[in-house]
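**Q** This structure is in structure tokens; I'll ask about it shortly.
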Amino acid sequence: PRTMSAAEDAEWLRWVTKQFGSIAGEDKEIDLEEFKTALQVKESFFAERFFALFDADGSGTISLEELLQALSLLVHGSEMDKLRFLFQVYDVDVLLCPDTVSHQEACVQGRVATSALKGGSSGSIDPDELRLVLRWCLQESAIVLPEERLGDLTLALFEAADKDHSGSITFEELREELEAFPEVMENLTISAASWLKPPPPVERSLRPRYLTRPYWHNHRGKLTFLGGYAGLNLLLFTLAALRHAGLGAWVMVARGCGQCLNFNCALLAVLMLRRCLTWLRATPIALVLPLDQHVVFHQLVGYVVLALAAVHTGAHIANFSRLAHQDGHRVLAEYLLSARPEVGGLGGTASQTGLALQGLLAAMLVFSSPCVRRSGHFEVFYWTHLSYISIWTLLIFHGPHFWKWFAVPGCLFVLEKVLGLAWRRAGGLHIVEVNLLPSKVTHLVIERPQSFHYKPGDYIYLNVPAIATYEWHPFTISSAPEQQETLWLHIRSLGQWTNKLYEYFQQPEWPSPEPKPLSRSLREKRCRRWAQVGLGETHRICNIKCYIDGPYGTPTWRIFTSEHAVLIGAGIGITPFASILQSIMYRYRRRKQSCPSCHYSWCEDLRDEEMTLRKVDFIWINRDQKHFEWFVSLLTKLEMEQAEQEPGGRFLEMHMYMTSALSKNDMKAIGLQMALDLLAAKEQKDSITGLRTRTQPGRPDWNKVFGKVAEEKRGKVQVFFCGSPALAKVIRAHCDRFGFRFFKENF
């Protein structure tokens, strides 16, 4: 380990002394309860073991001197010092009661704490001690495994470490076993104790990220669009203002803003033409325009419209005030509230329609804010947003030239709405199966109309009248297009509507028509399908009416034209990749079906440009173990198919991360992670998910992940993400650093 400089050592001592004062009582000693709170451990076992080892004099409290000595060893000590401390943690020396698990836990609560506080140890670790520590490691990492699986882990680690088969593990044997994990020993510490050392200094770049070359390269489409948008607005403003130069400065400002409002109010409609935008994704225009961010731009243009409207109204009021002052016989209210032909608008009502428009725009902005939409008042957002009909109508009456801007977008918008309404109300569809998963995910199976065609990663808007009559919510289709009979949706309970959906199907009975009778062949197909995904705690055949609107495209359409695609999903954000991975493997199988001699293909309809993928890296980040449940069976099937198609090949590489699990560098988890590695190597199966891919504890180290991707040189890398905005920001920054294109799914 690196030796600390005098300045660093002084800073570390100052920091620890400050932290000691914040947790110690008036007696300047840290007792066990204060130590547990400061250590931030989930279970008391490790806190008690660490406390006993920190308390060098056995007084029952830790002084500043004892704390500094122990922390110096853990934070800056040699590998041997840290390893000896780890060995003492595992050397519990407790006589376990082997009769039952509950009896064993009772012994843990009584005798472990007593022995730990005494700091007793025998100098070796026997199987019972190892099993006990691994049990607490599982709880600390929020991993739940059957009792027999705990026995397998204990046996795997013990057999590997007990080199001389003496029935116990000595310090030298543990050291020898850990030499196989050099990356663990390099940074071994108690990582949960955030107060052990000062936070690292914040690295500040000399230039903001927005001024770096990688940022401009990776966002060139969006920046070009924004530049063109700003330039066009400036041009329209200038031309309109110059045409009215003889009427005064206030009129010039008002007319310039008015012309910009004509353009922007029409653009608002264009940005929500979802069917047209989905069609444009398949054209070369998609390479130039940032179609994937149309919702974000719609919001931006909405704010611009409100700002332009405020300036436009203010300029007119200022001009009316000037005219009233010059006239001397009229007041400002006459200009604002009375129809005057010289003012403009239909029948001279420009002032009145303008004030009405200002009020409608302000109301729409307020009630479309996230705090309203996500606080259980979606109906308020829905009904106030429908005021766009009144706004466009008033704009036609207010501005003499608005209809010229709005004619084409307005017709397309009306056409899309008519098609959507016809599709929604053409008899409706039915939810035919539902599967409720313990992770609060509702898996819906909806009958698929024969005329419904979609691409992997597409999403639909869903309306279930039994839940809410007027609410339509977007959800990604999780089934592959090649699955002809049904549509799958996986919906996590996060908001009011999704919680109501989950609770509705939790009821013992609900008012629903009798399920449609199924043929024997269809029943067999459904049984095989449910075997692929696994059943949850509630599985029902039902016949609930619903309506869908779509499908609509997402950024994921680019995956099939990538060379090296990195798919990253966090939690339920994995949903779009469920459909995509199934379709990728389907196309991969078809691409492999050719004669090895003449290279004749049995799939003439599959063109090379449909999928140029050379490599797919799939990364799934979950908080805890249960959130892997619904997708693991599908991933297992994909692993098996890839092994059959290309033994030893790595066309699809999976990376699983469980953030609640402590990392391999943490003393509270190192034994567990070693045991999981050994058992996975022995059984060729991960104990947490059942996949061949080993689930990694903690969060991904994006520098290492993307560094490995860059080293493979399998073609141009494109990263696709679906998950929280906070994580998207982190991944986007790393993509800028490595020069990878980044795409995020936005509804």
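Even glycines carry a Cβ here, placed using N, Cα and C.
Just so you know, TrEMBL annotations never went through curation; they're auto-generated.
Annotations for this protein, taken from TrEMBL, read as follows:
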type: DOMAIN; residues: 42-77; note: domain 'EF-hand'
type: DOMAIN; residues: 156-184; note: domain 'EF-hand'
type: TRANSMEM; residues: 223-242; note: transmembrane segment
type: TRANSMEM; residues: 248-273; note: transmembrane segment
type: TRANSMEM; residues: 294-315; note: transmembrane segment
type: TRANSMEM; residues: 350-368; note: transmembrane segment
type: TRANSMEM; residues: 380-399; note: transmembrane segment
type: DOMAIN; residues: 421-558; note: domain 'FAD-binding FR-type'
type: TRANSMEM; residues: 565-588; note: transmembrane segment
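Could you give the neighbours, burial and distances for every feature on this list?
**A** The average pLDDT the prediction assigns to the domain 'EF-hand' (42-77) is 76.
Outside the transmembrane segment (223-242), and at least 6 residues removed from its termini, the chain residues within Cβ reach (under 8 Å) are 216, 252-253, 255-260, 262-264, 288-290, 297, 304.
Outside the transmembrane segment (380-399), and at least 6 residues removed from its termini, the chain residues within Cβ reach (under 8 Å) are 258, 261-262, 265, 268-269, 345-346, 349-350, 353-354, 356-357, 360-361, 363-364, 367-368, 372-373, 406, 410, 470-471.
Here the transmembrane segment (565-588) has long-range neighbours at 441, 456-459, 475-483, 488, 490, 492, 494, 554, 556, 559, 606, 610-611, 613, 615-623, 627, 631, 634-635, 638, 641-642, 645, 651-652, 706, 709, 717-724, 727, 731, 740, 745, meaning same-chain residues at least 6 beyond its ends whose C-beta is under 8 angstroms from one of its own.
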**Q** Quick test of the contact rule: Cβ under 8 Å, at least six residues beyond the ends. What residues does that give for the domain 'EF-hand' (156-184)?
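**A** Distant Cβ neighbours of the domain 'EF-hand' (156-184) are 80, 83-84, 86-87, 90, 123-127, 130, 134, 664-665, 670-671, 673-675, 678-679, 682.
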